[in-house]
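Peer 1: Before anything else, here's the structure in question.
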Amino acid sequence: QPKHLGVTPPIAVTYPTPREIEVTDLLVQELTAQGTFESEEESKRREVVLGKLDKLVKEFVYNISREKKNLPEADAREAGGKIFTFGSYRLGVHGAGTDIDTLCVVPRHVTREDFFTDMHKSLSNLAEVNELTCVTDAYVPVIKLKFQDIPIDLIFARLELPKVPDELELRENSLLKNLEETCIRSLNGSRVTDEILRLVPSIPAFRTSLRCIKLWAKRRAIYSNVMGFFGGVAWAMLVARICQLYPNAIAGAIVSRFFRIMHQWKWPQPVLLKPIEDGPLQVRVWNPKIYHGDRFHLMPIITPAYPSMCATHNVTQSTKKIIEREFGRAAEIADHVMIGTGKWADLFEKHDFFIRYRYYLQIIASSDSSERQLKWSGMVESRIRHLVSKLESVENLALAHPFVKGFDKIYHCTSDQMATDVMHGIFDSTSTSDKNSSELSQNGTETATVRDIYTTTFYVGLDINPRDPGTKSPRQLNISWPTQEFIKLVKFWDKYDEKSMGIHIKHVKSSELPPEVFEDGQKKQDFSSKKRKRTGLTEKDPNAKKLKTSGQKGVSNDRTSNISSNICC
């Protein structure tokens, strides 16, 4: 018997039953119908693009070696350079139109500055490349581009080696010695992905199972690391762990057992693919016995490559409850599929976020340019989990449910007042989000756009505890402290500009949600007949009169602050 994979022996080593083979075939059929596989033509195009990109990296390293470092011709040719892939493409679970995560590895005499100048210039000179952008201030700096219409994220790592040959592998921990922290982070994605593939007993079963889990998580709106759910790496590690526990199982059985085991998992017991190892660096490795902060991770899933880290440190009490609820729903569906009373399509039913709650928070980030809005809205998005954590302390609030993405709009404003209103979340018929740069006034003449305002609106659903039986007095949901603290937090950003950026929070009823948030076939939820809840501002709200006359909850003279703080329920 070969040595088992994982930190515990397998639960079962039995081979597939006829029924498991049947449900696996049905699963592959459903995944195909759902469009999760790319065409053979697109797959070949990706291979060609990666080949061209690898050649471009070698030319880039050669040019730097000759022109800036004055290396001899032979040494410059041997300096090498190599492209590695990671993420969904490397795992073999990418779909049509998805991006390729790529890593450019170079020898020690090539600098990060060279990469973001010379490599960027080489890419910009190619007719096959468009939408080229450098993001140098990201946690992992990246060049984003489309190469023959294939989206690519290209990151950089410099090794302490005189040359980078084609046969180089990144598995050895010694390669991390004497590297700057940014390079270690860049290498981590590729090292983790490769280690996951080494730790699963059957790669085909793993890939089909992971395709299923990724599609389910996206449809159920729980696929987002930044919002406090699980990201792609975390989902991959969970699936890999179930594969280890059932090494001879095929995808249908793995998916069924995945949901049942994850629904019953005793968090915060960590999910590990192998024992945590020490290494040559003076860096922090996940260890709740040593590091106080690691003890607060609610659903720890630990990366298998050194230095091991928690991939799910963003999970909050609310998102934990939501994930566990979805595990329970999926486990029931999978059980029905296995016994023949259900179908896989039920698993992929779209989320009900915008018809689930009666009250929502709108977080509106706005600015006056598309480039500025991309950075500003990204920063606001990365902080929403902090708002969720603070909302969890509000009395009578069961959980705060963040939606996994924001909604972008452009408003073509014909006056400064209109622009100010948009930044306050006042959207009326005079501000338009279509592509026209002008509009008609009441007398039929064309009015030129004064300025464009770019907005991204994020949503948090508020699940309020039921009122105690026999209680008739109204209750207040006071959200002033969480919202004010959140606004302080985002405005503390060193690139925040009060003249060109806005942040505004207001609460809305489900009936007030805009039409663009609803999926096909979904309708606004009508809570008007339910007597247990009423919404609106209380007389104690100092802005009640102003808000009633304006018709908007949360409007104030300061466009970057939140005023509406009480919900009567």
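Heads up, the Cβ atoms here are built off N, Cα and C, so glycines get one too.
Unlike curated records, TrEMBL annotations are generated automatically.
Note that the structure is a prediction, hence the values are computed from the model and not measured.
According to TrEMBL, the protein has these features:
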DOMAIN    6-200  domain 'Poly(A) polymerase nucleotidyltransferase'
BINDING   Phe86, Gly87, Ser88, Asp99, Ile100, Asp101, Asp153, Lys214, Tyr223, Gly232, Val233  ATP binding site
BINDING   Asp99, Asp101, Asp153  Mg(2+) 2 binding site
DOMAIN    206-350  domain 'Poly(A) polymerase central'
DOMAIN    352-525  domain 'Poly(A) polymerase RNA-binding'
REGION    516-569  region 'Disordered'
COMPBIAS  520-529  compositional bias 'Basic and acidic residues'
Peer 1: Sort out for me which one of Phe86, Tyr223 has the most neighbouring CB atoms within 10 A, since those are the binding-site residues we care about.
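Peer 2: Neighbour-count leader: Phe86.
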Peer 1: Roughly how many angstrom lie between the C-alpha atoms of Phe86 (ATP binding site) and Asp101 (Mg(2+) 2 binding site)?
Peer 2: 5
Peer 1: How many whole Å apart are the CA atoms of Asp153 (ATP binding site) and Asp101 (Mg(2+) 2 binding site)?
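Peer 2: Cα-Cα, rounded: 5 Å.
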Peer 1: Just the number: how many Å between the Cα atoms of Asp99 (Mg(2+) 2 binding site) and Ser88 (ATP binding site)?
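Peer 2: Between the Cα atoms of Asp99 (Mg(2+) 2 binding site) and Ser88 (ATP binding site), the distance comes to 9 Å.
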Peer 1: If you average per-residue pLDDT over the domain 'Poly(A) polymerase RNA-binding' (352-525), what number do you get?
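Peer 2: When the pLDDT values over the domain 'Poly(A) polymerase RNA-binding' (352-525) are averaged, the result is 85.
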Peer 1: I'm trying to understand the geometry here, so how far is the Cα atom of Ser88 (ATP binding site) from the Cα atom of Asp101 (Mg(2+) 2 binding site), in Å to the nearest whole number?
Peer 2: 8
Peer 1: Which are the residues of the chain, Asp99, Asp101, Asp153 excluded, whose CB is within 8 A of where the CB atoms of the Mg(2+) 2 site average out, their centroid?
Peer 2: Gly87, Tyr89, Ile100, Thr102, Lys144, Pro151, Ile152, Leu154
Peer 1: To the nearest Å, how far is the Cα of Val233 (ATP binding site) from the Cα of Asp101 (Mg(2+) 2 binding site)?
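Peer 2: For Val233 (ATP binding site) versus Asp101 (Mg(2+) 2 binding site), the Cα atoms are 12 Å apart.
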Peer 1: Neighbour count, 10 Å Cβ-Cβ cut-off, for Asp101 (Mg(2+) 2 binding site): what number do you get?
Peer 2: 23
Peer 1: Within 10 angstroms of the C-beta of Ile100 (ATP binding site), what count of other C-beta atoms is obtained when all protein chains are considered?
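Peer 2: A 10 Å sphere around the Cβ of Ile100 (ATP binding site) contains 22 other Cβ atoms.
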Peer 1: Let me know how many other Cβ atoms fall within 10 Å of the Cβ of Val233 (ATP binding site).
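Peer 2: The answer is 22.
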